[in-house]
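S.K.: Grabbed the feature section from TrEMBL, which reads as follows:
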type: SIGNAL; residues: 1-16; note: signal peptide
type: COMPBIAS; residues: 28-49; note: compositional bias 'Low complexity'
type: REGION; residues: 28-51; note: region 'Disordered'
type: DOMAIN; residues: 79-227; note: domain 'Cupin type-1'
Amino acid sequence: MALIQSLCMLAIFSDALVCRQFAMKNNTTTTTTTPSTSTSTSTVANNTNPLAPSRLESIKNSYSELNLLSKTNPSDFIFDFDKAVTGVSTGTGGRTVSATAANFPGLINHGIAMTIGFLGPCGINLPHTHPRATEINFSVDGDFQIGFFQENSASFVMNEIHKNQVAVFPKGAIHFEQNLNCTPATFVAAFNSEDPGVLTIGNSFFGSLPATVVGASLGGLNITTIEDIRVHLVQNPSVGIAECRQRCGL
């Protein structure tokens, strides 16, 4: 009889132990599934904004092309220059629209970018540089006066390009494109960097550097004059050279 009672107590104890282990297992499973749901929600939130910095950074940090593709959508590889709301610069002389890694995820890690210039009559893409890229510039439908200056002691290079011709601007060179016609013209600029950067010379020199430094660079020009110049700085693209404006009655 004592043996039977001992066996029964052992059975009860064993069942209790199994139940406790089963309960602990269930609690562990519940805890580990919660972060998964949170991560999924975060991913969905990021996907609602294709240009979210965290999403672009994730694509940029891909360890292979296949890994990069797994993080993108088909729409990431299309850019509409007519409907773009980012990378746009509008002035009195027209507008430029740039597709770079910052607003076109399909370019990330592929080393290319593009800008379209829609210039009005006599419009000019003001002198500027691309600190991280060489540019090749194609005339779609206009006549452009173009020029570049590479570095100290170099010669200024000036040319004209016409429809279906291209020009090259070396990396970091100061350059510009001036529409010589009294009708709108378009150019396409391609770059060998997904992040070419742009530095508009006049606006940056007068608008960004301390007035005292600008004055010293111009032979001691007084600060009042520099402040007056800053008021008249224009947004790119602008209306260009006087000869063209007079010829076109602008």
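Backbone N, Cα and C define each Cβ position, glycine as well.
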S.K.: Helix, strand, coil: count each for the residues of the domain 'Cupin type-1' (79-227), based on DSSP.
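M.R.: Counts, helix then strand then coil: 23 helix, 59 strand, 67 coil.
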S.K.: Summarise the model's confidence over the domain 'Cupin type-1' (79-227) as a mean pLDDT value.
M.R.: 97
